[in-house]
Amino acid sequence: MLLSLIVTFLGAFLTLLFMRPIAQKIGLVDKPNFRKRHQGAIPLIGGVSLFVGNLCFYLLEWEQMRLPTLYLFSIFVLLVIGMIDDRFDISPFLRAGIQAILAILMIDLGNLYLDHLGQILGPFQLTLGSIGLIITVLATIAAINAFNMIDGIDGLLGGLSSVAFVSIGILLIKDNQLDLAYWSFALIIAILPYFMMNLGIPFGQKFKVFMGDAGSTLIGFTIIWILLLSTQGKGHPMNPVTALWIIAIPLIDMIAIMYRRLRKGKSPFRPDRLHVHHLMMRAGLTSRQAFLLITFAAAICATIGILGEIFYINEWLMFAGFILLFFMYSYSITRAWRITRWIRRMRRRAKRIHNKG
């Protein structure tokens, strides 16, 4: 087991070192613009690193993995499409179409789909029937794009995905599904080299890398894959509503932002600077402070989900809490300028009090 984790880490880490000059040579880099305020052209190779690390783990633990060929094929397609998008910018509708095809393959060949939503509406199981197939496709696209869209500041994608994988792993251990739990923690090991270099650890900003669409879509797909394995079928280790709490921050942020864009008559896929991390930085927080605060909030949400499972809290109550959280978040987004102005005022007041002291 330890050998697999070591090889996973080394595979991901060495891929970053190997791919840096190649990415710069072929133009697989992220250049600053009106939305992206980083310095210089940053290699978009985190996705390749994650894929290689994940592949190393799969090859060493092949017999323990579920549907390995289908999963590896799916993430390879996402990797290739993501790299093409990172280099040339392809249509978001084309990307969504490919994601839908992969979801259909997951349903047809892997028999992974949303059959029920648990008891989110009362003391009865909400069975979906054939409509569950459509909802599965939509949920797959949503999960992929939620993690893709939240990747806006250093460390955030690595932090949020690690929170999700740790939370899933804990619940899987509780249910004695050690193979899936082991993989969940191995995914964190595969992300770790990117996470460190994205934050400038240990080589500084000179070796900084970004995940890119290739990596963020791979993470989103992997999370929905594990969640489907964990929430559906008999004896599932977690309820579907718990999955909402585990990925609450990226999911709510995506839905709220897309709704706001549609309400303004814009494309839901049109980039802007209205995500939660942008608003926090506008309020005066640094990029590092925003990353830590959002990751902490995600950890709290995931903890609520875990505690709901451990203490058998009614699913409809957990769902009601999630809906309340969503509306509170949406309300804050629509009044972002007031909130950011109030936060800046409080920070200035606190600074004056500190200086007087």
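Each Cβ is built from the backbone N, Cα and C atoms, and glycine gets one as well.
Swiss-Prot lists transmembrane segment for one of the ranges 40-60, 103-123, namely 40-60.
When Swiss-Prot is compared with the stretches 124-144, 313-333, the one noted as transmembrane segment is 124-144. As a quick check, the transmembrane segment (64-84) and the transmembrane segment (209-229) clear the bar of 3 or more Cβ pairs under 8 A, pairs 6 or more apart, so the two touch. When Cβ-Cβ distances under 8 Å to the transmembrane segment (40-60) are tallied for each of 183-203, 209-229, 238-258, 291-311, the top count falls to 209-229. Here the transmembrane segment (209-229) lies next to the transmembrane segment (124-144) in space: the count of CB pairs under 8 Å, restricted to residues six or more apart, reaches at least 3.
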